[in-house]
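Single-structure report; data block below.
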């Protein structure tokens, strides 16, 4: 089980994720490699990782040969399927305890990532950094004294560090404050975006807070900035909740319990409607209105009801009606246990 899916507490922060990208000195960028060059790269990297005893604790899976295993592993993660498009040579090195995973030949030669519960960016970064140091003892990275780590995408130059926090902001979203906050955060080098969308509309009220800048800032500066912004978002969301009038609270509680009733008894439901109700249910658990459910159950349901997740578990691609029926079944199983 990936560690973040079981929350540390009833925090509105779901998880923290850190990923660093590295290229190997003297080797062309991933997008420029032919099949033979990729195989040489793979052989070299796996050999070096074996020398530092990383592989003994991991599954090594090539996407085109082991997609089902990778999908199962990533059921506890966000934004999976786009990640997999046209990645025939993508290699996943997945820690058996879910502590980290290494990606070879994705955006860059090497990607190291870790995810954990709550607002835990420093702890997550420490794990990634320690692993990066071990690998760097055996592999020489592409590094420039002025530019930092060299990457094929100029947006990743410098630290090549991407830090993300996943956070539930239903009250800020319902009060139409998200757009204002998004614009303000851009000025501070931070992106706030919904992880689920329907056209131009945010759905599900789960947002990703992440850094834009990787050049001209240290890793510590990036993490400190993101933690500070996240704490401000938490405070603003809690203020919205605390300042509800008596009538507003009664209406919200009714919406929460109605949503739970719908989801526990629905036979067919589309994704956007399901995410809307699951957000209410999650809020109900966070506020203590719903006491017989865990956030783990809600987290799992939100991820497993996505169309690509449902289709992956089926021998053939489902039609729209079949998807809606299976989605309802997944939700009932998650919320009635």
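Here the Cβ of each residue, glycine as well, is placed from N, Cα and C on the backbone.
Look at Swiss-Prot and you will find 12-240 tagged as domain 'Phosphagen kinase C-terminal'. A mean pLDDT of 88 is what the model gives for the domain 'Phosphagen kinase C-terminal' (12-240).
Packing around residue 163 (ATP binding site) is summarised by its Cβ count: 26 other Cβ atoms lie within 10 angstroms of its Cβ, all protein chains included. Secondary structure at residue 163 (ATP binding site), as computed by DSSP, is strand. As annotated by Swiss-Prot, ATP binding site applies to 15-19, 162-166, 193-198.
For residue 197 (ATP binding site), the same-chain residues that are 6 or more apart in sequence and have a Cβ closer than 8 Å to its Cβ are 203. Sequence-distant contacts (6 or more apart, same chain, Cβ under 8 Å) of residue 19 (ATP binding site) comprise 111, 112, 113, 114, 128, 161, 162, 163, 164. The binding-site residues listed here are 17, 193; among them, 17 has the most other Cβ atoms within 10 Å of its own Cβ. The Cβ of 195 has fewer other Cβ atoms within 10 Å than any other of the binding-site residues 15, 165, 195.
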